[in-house]
């Protein structure tokens, strides 16, 4: 037997003395209660839950501090029984009462071993108990008097009268508009020295409480025209106290996600300079004015958290916002009590059948007279009364409506034959539609129409290239090489993007797609890449036609003509913004000629667009490059399609839990039109080899220099075009040897010489054959 020394025995005795005794808790018998004796609480549900169909659910109630046990009967059925459970508060008090005698007992044991140690432990325990009690009574503001809290709050949120005045001599053009001094300091920091025409007229009206309908050319600063009155109002209000959710004051509705995010960025950029400290640093704490976005394609949970935190301004697309409103009664109440409602690109937003959610959102802001319903006296319906139904729309809400076009004539489909308006009176205008759908508080809204003649800005020059449908790719490739710069190519379908994108990528052009089928993150990434590349090419549908303010877009190419004139105006408005020069090119095939004439007539043009000069000497080499790239694209498309069809067949068979005939996958069936057709191995090998050969051929063609007619590479000082000076000074064209470096803007005149509808010089006119 091992001996235990004195030191070890002493340690064991100390451990046994200090070991706390475990409290013995007696198990109480369960107390079952009936459903009638419980305290049921009604659950507040959304007022819009019935819109999507609630499955007949009219009302919900909930219970607290009740457990459920399931008892199985002889027949196998389960019956729920309610068990009374102690609430958390009572349970906490009992635990505290049980801990006190344990602490006293532990103190007695320690006293037997060491009296001094016990006294120190007792003091520490008493001190901790006092601190815990204080924390329970004052969780947030312990040790502060109410007067001190109010004083601290006033220091954190200073009085607005202490805002330093702005010296109008620094910005004399803005002196006539009485905006908040912080906004004018932001203008000075951003070198925004003078308002545009639409801003100088819309901002004073918005500040004085008027409803504004503004029509102005693209790139004229409409975003600031409606944003500045809102920010002026918000900066004039007291800051919301810490811990209190700030109310929603303004809602900006946009047709596309990209436009909504762009508007939010513009507002934040303006506020960044307006709210900066004198040192130019960002102020500490929550922002004075909070701006958030609610758009589709991004995390809905994150947007819900932003809304729950509270925002002064929300920029949203109607679809996602309405989805959140249907699930959140508090958000619906915030929209009903708005101070500002803004509809950007209004002509697009109010088109019939396009934005059904917009009408539902607008109805929330409409004033309606209270009517007694047949079920209002029913106690069940009274219990269902929600926060939204108890709220009322504001009488002082301001409505701002802005767009580049507000004309019904510009919204007609040009491919359809124009029909005479057979209704009584004149055809309703877009402004009349706005008055019907929007509840303007102003009896006579301020209508500002600054739309330019011809629909486009004066700094934009337009031209066209008439070609066959098959040669459009050739002339597009020529234009992008001949006039390098940031260009947007508009097409009418996503299929056109999917065809052009791999083609231009094979030709080593920096091209990026943008269409509605892309995920939102990918769309934003492509936009950022396009903005950062001075020679970037964006192939887009009309999703990029409205509102996007991309700096320094040199060219807009209408690969397919738009279906409406207002779409043409908005497409062309992506260039020539803020009085900068811009160029728009139309690629017109014979079957689009009638649409092009109708387009020009709807824009009240009297002359044809001038033709863009083409240097035909480059076309044969470009055509050969394009031919090889097209063959590669078709071969790759066939291989991708075959793999896709096979994968689809396997997934469908697995989903239906059926077996596939091996012949369908082994390629025994030689029908190339069948979805399960699989070429033989030797054919696949030949296909891969041919694609590799084509890629090598294209690589060699791309390395060859493109030389204009009359230029000699061996003898640069001879020939009809002397290029020796350009080679020495490096002033020639980077891609096309012998081509000039002039811009497309300088290659055409402002208007064409031929009248609209007149034949081309030298064209053979068809004679009408009259019947006998």
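Placed from the backbone N, Cα and C atoms, the Cβ positions cover glycine too.
Swiss-Prot lists region 'Disordered' at one of the ranges 609-635, 636-662, 663-689, namely 663-689. Note on Swiss-Prot: of 143-171, 172-200, 201-229, the range annotated with the feature motif 'Q motif' is 172-200. Put plainly, the binding-site residues 218, 220, 223 were compared by Cβ crowding within 10 Å, and the winner is 218. In this structure, residue 220 (ATP binding site) belongs to neither helix nor strand by DSSP; it is coil. Annotated ATP site 216, 217, 218, 219, 220, 221, 222, 223; additional same-chain residues within 8 Å of its Cβ mean position, judged by their own Cβ, are 196, 198, 225, 404, 577. Per DSSP, the secondary structure of the motif 'DEAD box' (344-347) breaks down as 2 helix, 1 strand, 1 coil.
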